[in-house]
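Structure first, commentary second.
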Amino acid sequence: MTTVQEAVPNLIPTQDATPRPAPKKVEAGVKLRGADKVARIPVKIIPTDELPKKPDWIRVRIPVSPEVDRIKQLLRKHKLHSVCEEASCPNLGECFSGGTATFMIMGDICTRRCPFCDVGHGRPKPLDLDEPKNLAVAIADLRLKYVVITSVDRDDLRDGGAQHFADCIREIRALSPGVQLETLVPDYRGRMDVALEITAQEPPDVFNHNLETVPRLYKAARPGSDYDWSLDLLQKFKQLVPHVPTKSGLMLGLGETDEEVIEVMHRMREHDIDMLTLGQYLQPSRSHLPVQRFVHPDTFAWFAEEGYKMGFKNVASGPLVRSSYHADQQAHEAKIKL
């Protein structure tokens, strides 16, 4: 049996006797990042000496433009968060310069501690009941035609935040009736049925939930989450709302093998997932999970070919692909084929 340490180097099981910093007491509204964030997860991450040098094909210039500044100012004005900023997405400049953004609702503090993710952890504050309306106004101001809404995990809420998603969708459609909406939802751990019942009443145009990695690496990369649960979430939504495309994605470079990626893709199709994104994992800091490999663009292209053979309606596969990158184009192609 493969141990977590064998699966991902630079990890030590928590029972290791090596002293580790005492976890900080988490107060409501305080955001923990880096070493403080991962202090209580089931594995200990040994900080890398330095971040790995990126190959030429993955380097990105972050453009500075008035449009980027305008969108950031608009987000601040309406007290909104974008996952583009919170997760340090490499495509932030391109998306913001194009006048688009992926909005992150329910605050910027997550109740999970996934050590690949750069979003802060802590005890979130109560939901902002004005957020759905503020979000709708911002989207109308930006005159967007396609919007992705995602969120932090909110394990403190009875429905995991599903009603808040539905409220946002309703307000946005009231002000921008022509907009298409994609939701990138958490796993609704322990509350799937109630969350999906709410979601089905106000469904998005695309329903997205990321598996993130292969099942062997879940304990290291997604503590508190379950691979089969996430697959079931996507399939059960599809059964409730069969006309809405479902979507999921993986990060590559955490220690998975190509064979494991192909196996996960097959499982996705068995669970009626229509759309797939595959991108390169980039280590946000020395305290996050280390990059085990940089996947070559040719390998990403091969995964895309295999995905279409399996029956995915759209496959976005490349080093800089992220779940919401060119999401409008992905959805357009997928719906044409549905």
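Backbone N, Cα and C define each Cβ position, glycine as well.
It should be emphasised that the depicted structure is a prediction, and the values quoted were computed from it without experimental measurement.
The annotation region 'Disordered' is assigned in Swiss-Prot to 1-24.
Here Swiss-Prot flags CYS84, CYS89, CYS95, SER324 as [4Fe-4S] cluster 1 binding site, drawing on sequence analysis.
Per Swiss-Prot, domain 'Radical SAM core' is recorded for 96-313, and the stated evidence type is sequence analysis.
Non-local neighbourhood of CYS114 ([4Fe-4S] cluster 2 binding site): GLU212, ALA221, ARG222, PRO223, SER225, each in the same chain, at least six residues away, with C-beta under 8 Å from its C-beta. Taken from Swiss-Prot, the feature [4Fe-4S] cluster 2 binding site covers CYS110, CYS114, CYS117.
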For the domain 'Radical SAM core' (96-313), report the average pLDDT of the model, please.
92
How big is the gap, in Å, between the Cα of SER324 ([4Fe-4S] cluster 1 binding site) and that of CYS110 ([4Fe-4S] cluster 2 binding site), rounded to a whole number?
19
Have a look around CYS117 ([4Fe-4S] cluster 2 binding site) and count the other CB atoms within 10 A of its CB, chains all included.
24
